[in-house]
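One structure is given below, encoded as structure tokens.
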């Protein structure tokens, strides 16, 4: 998009930024703004680390932050997101990108294979702390757990031999949270090939995490009071599809069995 | 049991893909008369519902006569407002698909095969500080962990989700940079600074205690400041302590020594919209000296 002369200008300006560290804030901001305007587009992903970050931040500041002063004023005072999202750490599945969450909308936890362990007061305090904070302090209304295609964590879980022959690293210790989904998939889809089994496990593991969410007392309480909904999602970046479902749990009304006039041997 | 829908196995039925065309959230109404035929209608209506995750089971007709109309009405409920959530998420994904995914087919095709991110980012779960928003990371750029107060526990503290992700990112994905991003007004750091030793326990306490060295250091060097400013000081101190904790992992230390991996700290101030970034100077850092680290390439943008 930039012709030769503006490309040269961009290079010179970038060089100026790199070399003159003592430039004051105002001059730096003006130079960055010029660069962004000359580039006229998103940051170039093949820049070295520092440049990459400054390009990204400058773009955000000029095109988002500065254009929404009331929003960011409000956010500076506090956050009140409606969503809590569990997503995988995979670089391809940021919910802010695929579901366009803007600052303030989603309290987001990212870990390997988007797992939620069951309530355990002795360990997994990392996840416990996020849930405790999201429910009791932020009072989120929805928890969405998003799985995805070609998940390395799930693949590792499915690959790991359970006979003790392979070493047990930190990763294996973490993904074994999903062991019950692995068992279920191997039983229900034993004829499928490994790749298909992994795909089933990616979705089954989301369900496993949803079930585990309910074991946290404050989560259960808020669901009973109808203040909280649990949702499952699956992002398939191979086909460009997104699946969305809800976790519902319901106890049916009792049926009264009359004592007289009926055969008691039923 | 004649109640038409038994939700004993909520995950038994088909998932509904959002990308399919017709998607019609509908209120389910149940006729007053209870017969086997009505049960059939009920089943169909439930299956069409966008939140259908129910498996139906039919009981013997003899029991249906005991049922009340009102009981079935409650079974047929679709919670108000939840349809809106489904619509909202559907719109969000379709907007991404149209404006981003379909615009870059080659990029997404190659990403679908493998990810090769140059960065691993550890950021807070706070809704205001997503690295994709504030630092413009695109799909494929950054393997991201988000936890309360962007803390990194030490290697000695045992397995955790953060350790698992570090292992994967450094040993399998071979990232070249680890960036720990802290931020202003962090609730987790505030909880750490305000923590009392009163014997009460909570997950938040058990987690933020990983940052206790930063709290100690802050109390020593910033005791003259008010609580809010102490928290700001601790937010930055905690980033540096996380960087030191990263070096407690032997495989990370080895790669940093061989200059295959760089470790950076970053601080995002969303009150003034500024970003500071610095790099750990491994050669200059003497860890024996109380964990004090030396930094280089410090930059500040606002």
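Just so you know, glycine gets a Cβ as well, placed from its N, Cα and C.
Taken from TrEMBL as is:
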{"type": "BINDING", "residues": "A:88, A:90, A:148, A:151", "note": "Zn(2+) binding site"}
{"type": "COILED", "residues": "A:3-30", "note": "coiled coil"}
Radius 10 Å, atoms counted are CB only; among the binding-site residues A:88, A:151, which position scores highest? A:88
Could you say which of the binding-site residues A:90, A:148 has its Cβ with the most other Cβ atoms inside 10 Å? A:90
Near the Zn(2+) site, what residues other than A:88, A:90, A:148, A:151 in the same chain have a C-beta no further than 8 Å from the centroid of the listed C-beta atoms? A:87, A:89, A:92, A:93, A:113, A:114, A:147, A:149, A:150, A:152, A:153, A:154, A:202, A:235
Name, in order along the sequence, the binding-site residues among A:90, A:148, A:151 with a Cβ closer than 8 Å to any chain B Cβ. A:90
Could you tell me the mean pLDDT over the coiled coil (A:3-30), as a whole number? 63
